[in-house]
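Participant: Per Swiss-Prot, Mg(2+) binding site is recorded for Ser56, Thr189. The feature domain 'G-alpha' is assigned by Swiss-Prot to 41-374, with sequence analysis given as support. If you look up Swiss-Prot, you'll see 181-189 marked as region 'G2 motif'. The feature region 'G3 motif' is assigned by Swiss-Prot to 204-213. Annotated region 'G4 motif' per Swiss-Prot: 273-280, in sequence order.
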Amino acid sequence: MARSLTWGCCPWCLTEEEKTAARIDQEINKILLEQKKQERGELKLLLLGPGESGKSTFIKQMRIIHGAGYSEEDRRAFRLLVYQNIFVSMQAMIEAMDRLQIPFSRPDSKQHASLVMTQDPYKVSSFEKPYAVAMQYLWRDAGIRACYERRREFHLLDSAVYYLSHLERIAEDDYIPTAQDVLRSRMPTTGINEYCFSVQKTKLRIVDAGGQKSERKKWIHCFENVIALIYLASLSEYDQCLEENSQENRMKESLALFSTILELPWFKSTSVILFLNKTDILEDKIHTSHLASYFPSFQGPRRDAEAAKRFILDMYARVYASCAEPHDGGRKGSRARRLFAHFTCATDTHSVRSVFKDVRDSVLARYLDEINLL
């Protein structure tokens with residue numbers, strides 16, 4: 001009969017083979033214990049929201065605030081993306097001018113526009129002087145400016161006015177993107193992206209899922225072991241339509257997505273952090289685009305950004321409350337989650353640092369206290 005091994009017995013009672021097996025067993029247990037410690041010490045947050053709500057910008061801010069930031073070499077790598085964003089923006093306005101029947105105001109604008117349209121934005125390798133001169137000329141054209149004011153009628157990157165206002169600097173031969181240039185750069189998120197960093201000795205892993213509808217089916221495997229959900233929504237999209245569907249209002253789609261996510265079983269007891277983003281764009285846009293034109297239930301004054309922000313927050317709060325209500329008339333005791341809402345400007349590092357500190361002090365501290373990690 002083969003004897004059973006008891007590793008607690010005296011070492012000299014074991015054969016060499018048993019000693020080797022015991023050593024391997026101890027090493028495996030040590031590795032498993034270390035993995036458990038790492039898993040216990042790492043907290044995962046899921047970052048969700050519709051496309052262009054600012055999720056990637058938020059991740060970049062976390063890298064600047066809590067990570068290594070962006071070295072000169074890192075920033076240099078964004079140069080072609082900045083050029084691409086500029087060409088995409090100017091070409092979008094040139095095409096929209098024709099569709100909206102807005103004429104150019106300057107004599108040589110058509111010639112400059114034709115030159116800009118010859119470049120494939122996704123094959124840009126440099127920002128050659130003729131293109132830079134053409135864009136600077138066009139950006140001073142009153143027709144282009146009038147088209148920009150009607151940007152809600154076509155798809156235009158939020159960063160367009162920022163980059164076009166800095167063309168002279170960006171067109172320099174030795175151009176290296178600044179941290180702000182990097183934050184403003186836009187590349188659609190596809191698939192799942194993760195970023196890890198530490199806050200007060202706590203390891204955080206933020207999982208960023210693609211915001212476009214075609215990407216949402218890939219989120220499912222990210223839902224497990226999430227301590228909090230961060231949902232980003234744009235305040236400025238109330239008068240815009242989806243890039244994928246020109247008939248669907250972006251804010252209504254975001255509210256519907258928020259509701260869908262809250263109803264998922266994975267989030268029944270997960271705290272929800274709501275970032276209502278792009279306060280700066282809302283404050284600029286509200287002067288020319290009345291919120292009530294798109295959401296008739298808004299009865300606040302025109303051109304009042306604070307009233308608009310409160311109304312939009314209330315819409316999201318009502319969605320949250322409706323998803324938290326029991327469907328059978330009883331209590332949903334299993335739902336111990338809470339909603340933490342913040343207004344943000346993801347391109348403002350100081351603002352994001354302050355907001356994330358509030359998140360850390362509320363949501364993360366609450367969770368760590370519950371599992372006795374504090």
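Backbone N, Cα and C atoms are what each Cβ position is placed from, and that goes for glycine too.
How about a rundown of where these features are and what they're close to?
Facilitator: Cβ neighbour count for Thr189 (Mg(2+) binding site): 18 (other Cβ atoms within 10 Å of its Cβ, all protein chains included).
The average pLDDT computed over the domain 'G-alpha' (41-374) stands at 88.
Counting same-chain residues at least six beyond the ends of the region 'G2 motif' (181-189), those with a Cβ under 8 angstroms from any Cβ of the stretch are 51-52, 55-57, 60-61, 64, 70, 74-75, 78, 81-82, 85, 157-159, 162-163, 166, 170, 208-212, 215, 346-347, 349.
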Participant: Around the C-beta of Ser56 (Mg(2+) binding site), how many further C-beta atoms are within 10 angstroms, looking at every protein chain?
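Facilitator: There are 21 such Cβ atoms around Ser56 (Mg(2+) binding site).
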Participant: Tell me, by DSSP, whether Ser56 (Mg(2+) binding site) is helix, strand or coil?
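Facilitator: Reduced to three states, the DSSP call for Ser56 (Mg(2+) binding site) is helix.
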